[in-house]
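Participant: Grabbed the feature section from Swiss-Prot, which reads as follows:
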ACT_SITE  HIS20  active site, proton acceptor
BINDING   TYR15, PHE66, ASN68, ASN114  tRNA binding site
COMPBIAS  197-211  compositional bias 'Low complexity'
REGION    189-211  region 'Disordered'
SITE      ASN10  site 'Discriminates between blocked and unblocked aminoacyl-tRNA'
SITE      ASP93  site 'Stabilizes the basic form of H active site to accept a proton'
Amino acid sequence: MIKLFVGLGNPGPEYEATRHNAGFWWIDALARELKVTLVPERSYHGLVARASVAGHSVWLLQPQTFMNLSGKSVAALARFFKIPPEEILVAHDELDIPPGQAKLKRGGSHAGHNGLRDIHAQLGTSDYWRLRIGIGHPGVKAEVVNWVLKKPAPDQRTLIEDSILHSLKAYPALLAGDMDKATLLVHTTKPPRPKTARPAQAQAAPQAGAD
C-alpha cells in the first residue's frame, strides 16, 4: 500500500497557480478527500498531514524546500517512519503528457524534472511510484522553464484540475496496494462505450411442409 503521498511544487503565493505546482494541487485535493489539514513540520521541511485508514497511518507531504531540494523533505519523513520507496507516491507535473491526462508508473528516469532528480539522489533509488499530471509542452525546449513557472490558461487549468479529480478515484486502490486497479482507474480517461446492440436477426421464412 502507499503510505506516503507527496506532491511537488514551489512554496509561496507567486508560485501557487503555476504549472510546476500541479503536484501541490493534487495533494490539496487528496487532503480534502481524506478530511485532513496540512500543517508545517520543520523536521520534515514541509507541510504534512496524517490520516488513519483501516488502522494504518498514511502521510501527505508538500515539501517547502523549493522544487530542486524536494528529496530532502521526502527522505526525512520516509526515513523517520521507515517507509520504503515502493510505498511512496510522488505526484508531479509532466511535460510529456497533455493537460487533461495523468499516468501512473513505478520507477524510471527523472527525465530532467529537478524535483524527481533530487528525490532519486536522496532516496538512493528511483524505485518509487509517480503520478504524472499532464501540463503539456511549450513545443520548444528553451521555453520549458518559463512554461512550468507560468500559470496555465483558464481552459488548460480546467483540464489539469479535471485530471486531478479523475486520478483521485484511484486513491482507495492505492491505499489498498492494488496498483493494477489504480493504474487502470488513472489511465481510463473516458467511460467505455456502450456495446452496440446487435440488430435483431431477420425472422426465418417458414419452411414449406411436406405434403
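Every residue, even glycine, has its Cβ placed from backbone N, Cα and C.
Could you place these features in context, so I can see how deep they sit and what lies close by?
Facilitator: The number of other CB atoms found within 10 A of the CB of HIS20 (active site, proton acceptor), across every protein chain shown, is 22.
Classification of TYR15 (tRNA binding site) by DSSP places it in coil, neither helical nor stranded. Neighbours of TYR15 (tRNA binding site), defined as other CB atoms within 10 A of its CB across all chains, total 17.
All protein chains considered, the CB of ASN10 (site 'Discriminates between blocked and unblocked aminoacyl-tRNA') has 21 other CB atoms within 10 Å.
Taking the Cβ of ASP93 (site 'Stabilizes the basic form of H active site to accept a proton') as reference, residues of its chain lying under 8 Å away and at least six apart in sequence are, in sequence order, LEU8, ARG19, HIS20, ASN21, ALA22, GLY23, HIS113, ILE133, ILE135, VAL148. Secondary structure from DSSP puts ASP93 (site 'Stabilizes the basic form of H active site to accept a proton') in a beta strand.
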Participant: Given PHE66 (tRNA binding site) and ASN10 (site 'Discriminates between blocked and unblocked aminoacyl-tRNA'), what distance in Å do their CA atoms have, once rounded to a whole number?
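Facilitator: Approximately 5 Å lies between the Cα of PHE66 (tRNA binding site) and that of ASN10 (site 'Discriminates between blocked and unblocked aminoacyl-tRNA').
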Participant: Of all the binding-site residues given, ASN68, ASN114, which has the fewest Cβ neighbours within 10 Å once its own Cβ is left out?
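Facilitator: Least crowded of the binding-site residues ASN68, ASN114, by Cβ count within 10 Å, is ASN68.
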Participant: Provide, as an integer number of angstrom, the distance between the C-alpha atoms of ASN114 (tRNA binding site) and ASN10 (site 'Discriminates between blocked and unblocked aminoacyl-tRNA').
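Facilitator: Between the alpha carbons of ASN114 (tRNA binding site) and ASN10 (site 'Discriminates between blocked and unblocked aminoacyl-tRNA') there are 12 Å.
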Participant: Tell me the Cα distance separating ASN10 (site 'Discriminates between blocked and unblocked aminoacyl-tRNA') from ASN68 (tRNA binding site), rounded to the nearest angstrom.
Facilitator: 9
